[in-house]
Amino acid sequence: MQYHPDKPIIAGNWKMNGLRGSKIEIEKLVNFLGNNNQNSNVIIFPPYTLISDFVNIAVSSDLFIGSQDCHQVNRGAYTGSISPEMIKDLGCNFVILGHSEVRNTKDESSILISKKAEATHKNNLTSIICVGEDAKSRMQGKQLDYVSNQLLKSIPTSANINNTVIAYEPIWAIGTGKSAHLEDIEIMHKHIISFLNDSKIFDNNPPNVIYGGSVNADNSRDILSIDNVNGALVGGASLDSDEFIKIIQSI
Ligand code: 13P
């Protein structure tokens, strides 16, 4: 199965949640996708410990499995790290990079994220590069510059519409139950698309730009119908397959 950049993306980031018993959620999801025509790319990002189990369940289905992060080199003395080659070897197609929870806890720079993205591209993986301002920048009205700066430094020249997706996740909207206002999402996505269009990398052919931050089954239809919002990166609401399926159906 291949990623279709012409279709929207509904992705579930499980973060540090899920035990082996959570397989049942993936079985339900695979079953749903098998019985319904897909007008979107559906991806689940489990913790590393469950990737292999989930890939086995999702094999020959319409569900992609991805990794929540990876190292910037393929092998070596990097205790505790997982490489893009290993992720590809497990059967993943996607990797999330630069999630604010990683940028902040590991003090990760945009330059490092760009290196990681380049490494994923070399391994035929599609990277979902996350950007998004913190509450302070939003309060100061500096959110557009903040995100432009992240985009400028986080995207390598190897990026194209097939191997790259941008996720706009305002930090203050993550895990709070309060998504950004629809108008603010619209303004930011328009800004990101015009930034990507201006950048030589994508040559006026920008990749999918998806929104994340307290997306759930109640607000997904409104969010997904905003101009230039090509999908959603869902955290908490992706853990329950019934709710996640409702989000898939809202596109
Ligand atoms: P929530 O949907 O739980 O706010 O998380 C969003 C997110 O960080 C997805 O990567």
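Every residue, even glycine, has its Cβ placed from backbone N, Cα and C.
Bear in mind that the values here come from a model prediction, so they are computed numbers and not experimental data.
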Message: Per TrEMBL, which of Ser154, Ser194, Ser214 sits in the substrate site along with Asn13, Trp14, Lys15, Gly175, Gly235, Gly236?
response: Ser214
- request: Would you mind pulling the longest C-alpha to C-alpha span across Asn13, Trp14, Lys15, Gly175, Ser214, Gly235, Gly236, which the record has binding substrate, in angstrom?
  value: 14
Cβ-Cβ distance under 8 Å to Ser214 (substrate binding site), same chain, at least six residues away: Ala173, Ile174, Gly175, Thr176, Gly177, Lys178, Ser179, Gly235, Gly236
- request: Give the residue from the binding-site residues Gly235, Gly236 that has the most other Cβ atoms within 10 Å of its Cβ, counting over every protein chain displayed.
  value: Gly235
